Amino acid sequence: MWPLTVPPPLLLLLCSGLAGQTLFQNPEEGWQLYTSAQAPDGKCICTAVIPAQSTCSRDGRSRELRQLMEKVQNVSQSMEVLELRTYRDLQYVRGMETLMRSLDARLRAADGSLSAKSFQELKDRMTELLPLSSVLEQYKADTRTIVRLREEVRNLSGSLAAIQEEMGAYGYEDLQQRVMALEARLHACAQKLGCGKLTGVSNPITVRAMGSRFGSWMTDTMAPSADSRVWYMDGYYKGRRVLEFRTLGDFIKGQNFIQHLLPQPWAGTGHVVYNGSLFYNKYQSNVVVKYHFRSRSVLVQRSLPGAGYNNTFPYSWGGFSDMDFMVDESGLWAVYTTNQNAGNIVVSRLDPHTLEVMRSWDTGYPKRSAGEAFMICGVLYVTNSHLAGAKVYFAYFTNTSSYEYTDVPFHNQYSHISMLDYNPRERALYTWNNGHQVLYNVTLFHVISTSGDP
């Protein structure tokens, strides 16, 4: 167990944001994020488990690797000494080679001017030196081999160092670096959140007061973090004007926006922006419309079979809120009801490309008794009122087709909520409350396993 300043085996960290997800997907890395939840002051409490076998199980491999690296280092040093010696010898060999060539040239040039005796002496000397020529060539070849071997040893040493680093065989210093890296990753847990059960809603954050009593505002739930555009739709029926602000700051100041004029008017406030398109309910129909902002055109529209519309099955506040579209971590949803379901809330997964219903669930909860609803991680959360004193009262789990009654209060500051939607990118609830655009942070509690267990 690696010694820490907090009681092992848990490392607790406070990171600003919301509840977090597993930061290490590979259990071989050792560190695990076990739970995370949001504290009352809005900080994310991340709990990391440090396995006891962090280095002990690697001691044998680490020791063998260090011994191998020491051997390679010794060989490398010996190669450097040998190279230095052969370099000096090679200079002498090259001098001898030059001398032989000089003698051979002189012998050829003086063939006719030397006496027979002198010529024979030179010839005999050259004959003695000739066998040395092949020796010199072999010596030069061996020298080149030594140079190549030195490079191979150097490369091997670098590879072993990389392996050692990968195995984490640096003892205390290595673990210290790993802890620092872990802390950095844990501090980013708000940007790497996983799914969990809703256990709390923060105090409201009023972003702006703009527009009428009813409306909707949102950001793209699937845009990259650099894209902070805000869309604003005032009113709950027959509207066609959508304002697109460049950033949240521009929305607050009411500047730098463009206008989209929808070809067909909307009904209700249950719109959502998903992957560059607006999904909304066409006025006086049960038709879902997908409007693409960049091309300023309707890409597809489709009826929801049997879905009520035109205030047939609205939320408790009315406002043509028969159909409510939502996006969570798993995709696009529609919340509505039908005569066949006796006015109970139906949750359907929609294909975002074709708008076809992929699967539906009957929650058993009467829609007219619901103030608003939102989806988080495949769970539909329903409030019991749109007025003051409202709380998250009911949860339906699509993964198990089961439900439970909850008691999660939240502060309805302006006493009339007409839009409540969860943004999975920002892990926040967007609310239109009596002409005020409001944000809530949420607390998600979850237990995460990195060992492959569900």
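A Cβ is built for glycine as well, from the same backbone N, Cα and C atoms used for every other residue.
Taken verbatim from Swiss-Prot:
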type     : residues      : note
COILED   : 58-85         : coiled coil
COILED   : 136-193       : coiled coil
DISULFID : CYS195-CYS377 : disulfide bond
DOMAIN   : 194-446       : domain 'Olfactomedin-like'
CARBOHYD : ASN74         : N-linked glycosylation site
CARBOHYD : ASN155        : N-linked glycosylation site
CARBOHYD : ASN275        : N-linked glycosylation site
CARBOHYD : ASN310        : N-linked glycosylation site
CARBOHYD : ASN399        : N-linked glycosylation site
CARBOHYD : ASN441        : N-linked glycosylation site
SIGNAL   : 1-20          : signal peptide
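Under the DSSP three-state reduction, ASN155 (N-linked glycosylation site) is assigned to helix. Regional average pLDDT for the coiled coil (136-193) in the model is 60. Here the glycosylation sites are ASN275, ASN399, ASN441; the one with the fewest Cβ atoms within 10 Å of its Cβ is ASN399. For the glycosylation sites ASN155, ASN310, the largest tally of other C-beta atoms within 10 A is found at ASN310. Closest in space to ASN275 (N-linked glycosylation site), of the recorded positions given as ASN310, CYS377, ASN399, ASN441, is CYS377, taking the CA atom of each residue. Packing around CYS377 (disulfide bond) is summarised by its Cβ count: 20 other Cβ atoms lie within 10 angstroms of its Cβ, all protein chains included. Across the structure, CYS377 (disulfide bond) and ASN399 (N-linked glycosylation site) place their CA atoms 9 angstrom apart. Distance noted between the C-alpha atoms of ASN399 (N-linked glycosylation site) and ASN310 (N-linked glycosylation site) is 31 Å. When Cα-Cα distances from ASN441 (N-linked glycosylation site) are compared across the recorded positions ASN155, CYS195, ASN310, the shortest belongs to CYS195. The DSSP secondary structure for ASN310 (N-linked glycosylation site) is coil. Of all Cβ atoms in the protein chains displayed, 18 besides its own lie within 10 Å of the Cβ of CYS195 (disulfide bond). In the three-state DSSP scheme, ASN441 (N-linked glycosylation site) is classed as strand.
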